[in-house]
Amino acid sequence: MSLSNKLSVKDLNVTGKRVFIRVDFNVPLDGKTITNNQRIVAALPTIKYVEEQKPKCIILASHLGRPNGERNEKYSLAPVAAELEKLLGQKVTFLDDCVGPEVTKAVDSATEGQIFLLENLRFHIEEEGSAKDKDGKKTKADPEAVKKFREQLTSLADVYVNDAFGTAHRAHSSMVGLEVPERAAGFLMSKELEYFAKALENPQRPFLAILGGAKVSDKIQLIDNLLDKVDMLIVGGGMAFTFKKVLNNMPIGDSLFDEAGAKNVENLVAKAKKNNVELILPVDFVTADKFDKDAEVSTADDVTGIPDKWMGLDCGPKSRKLFADAVAKAKTIVWNGPPGVFEFDKFAEGTKSLLDDAVKSAEVGNIVIIGGGDTATVAKKYGVVDKLSHVSTGGGASLELLEGKELPGVTALSNKA
């Protein structure tokens, strides 16, 4: 799956055509009020660009929340239609379903350039292919019904544009099931693919990956794949304690220890050695007597270790210097997972100083990519999203890319001729 060879919305001729755009309008709602419209704002460049090309109409489709394959007004996209109208400064026609005769009729009789927003795709079990009931029991969708649902979506479109990178790791009907001749990436999706291609397909070296997070077992595939690509690897966050205990028999007190992940540590270290990857682990820690923002604070290093009843919640000043030196050498940086419990101010210094180093690196022209999830939250919290090369919008999707997996929503896009 080449990331850099996918058709872009700019490669299309959409004049006079029905353009189906899969967007990610999965916004947080408080009742019917949108509490953060960032995802809607992020889709505007693609929508406006297509609109300028004078299409017959634009059909916007998204999911919202987890309605589990049935209609649930709590997850209606109606509030999104109102917000989108405000942001675009023009009428958006909200349709009460995403398939069916009413939808077909509305799209067929569209006036020039009309913008439609379909109701939540996940009101149909055929979008995800399965659903869970309230007891967590899974029901699979009938394959014939899925096929029909995909055909109904396809019948609305002459051209397909996907701008929902955050859902690209899901083989859902709206992501992979529209069989139209041209399937292109929108601007958001294109930017994600462009930056991940810069890191994973053709990185400027030295290439540094920074990994945080709690469990080694969650990141084994990620570490294993990156050890084939990077020159340096920082392992921080909670999972560093599993490495330190296994490799140096360091006492870790009540810090996180991942029994399952521990079995893989020596193999990963051996692979790093074999591939000449410099593995960088913290050497000192900021510790706490409990997992709490008001905890007592102390320090420890890897010579004496962390005493009983204490836990490491951040990396200490020597570790920060080690990490800063690695960042200063790197020309390409991918960062997934913070090195400390940044949600508590007393244990945020390691994350904040690493972020400052990353911003400095980006400012002198290096490629600095932040994977989605917690690390993206950190970049937002400290207001530096615009100072980094790229902050991914897709936590799960970016993680799977870094693990070396194919993303169904990307594979389904047309390649450039």
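Each Cβ is built from the backbone N, Cα and C atoms, and glycine gets one as well.
What Swiss-Prot lists as (2R)-3-phosphoglycerate binding site is V23, D24, F25, N26, Q38, R39, S62, H63, G65, R66, L121, R122, H169, R170, and the listing cites similarity to another entry. The Cβ of Q38 ((2R)-3-phosphoglycerate binding site) has V27 as same-chain neighbours under 8 Å, each 6 or more residues away in sequence.
Classification of D218 (CDP binding site) by DSSP places it within a helix. For D218 (CDP binding site), the number of other Cβ atoms no farther than 10 Å from its own Cβ, over all displayed protein chains, is 15. For G213, D218, G237, G337, F342, the entry in Swiss-Prot reads CDP binding site, with the evidence type similarity to another entry.
Taken from Swiss-Prot, the feature ADP binding site applies to G213, G237, F342, supported by similarity to another entry. Annotation note: G237 (CDP binding site) sits in a coil segment as assigned by DSSP.
DSSP gives G312 (ATP binding site) a strand state. Cβ neighbours of G312 (ATP binding site) (same chain, under 8 Å, six or more residues apart in sequence): A240, F241, I252, G253, S255, F285, V286, T287, A300, I306. Feature annotation from Swiss-Prot assigns ATP binding site to A214, K219, G238, G312, E343, D374, T375; the stated evidence is similarity to another entry.
Marked as AMP binding site by Swiss-Prot: A214, K215, K219, G238, G312, E343. Neighbour count (other Cβ atoms within 10 Å of the Cβ, all protein chains): 17 for A214 (ATP binding site).
Per Swiss-Prot, the feature Mg(2+) binding site maps to A214, D218, D374; the stated evidence is similarity to another entry.
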Using C-alpha atoms only, work out the spacing between S62 ((2R)-3-phosphoglycerate binding site) and D374 (ATP binding site) and round it to an integer in Å.
-> 23
Among the binding-site residues V23, L121, H169, G213, G237, F342, which ones place their C-alpha within 10 angstroms of the C-alpha of K219 (ATP binding site)?
-> G213
Can you figure out which of G213, G238, G337, D374 (the binding-site residues) comes closest in space to V23 ((2R)-3-phosphoglycerate binding site), comparing Cα atoms?
-> D374
Long-range Cβ list for K215 (AMP binding site), cut-off under 8 Å, min separation 6+ in sequence, same chain only, gives G238, M239, L256, D258, A260, G261
Looking only at the binding-site residues F25, G213, D218, T375 (ATP binding site) has its closest CA neighbour at G213
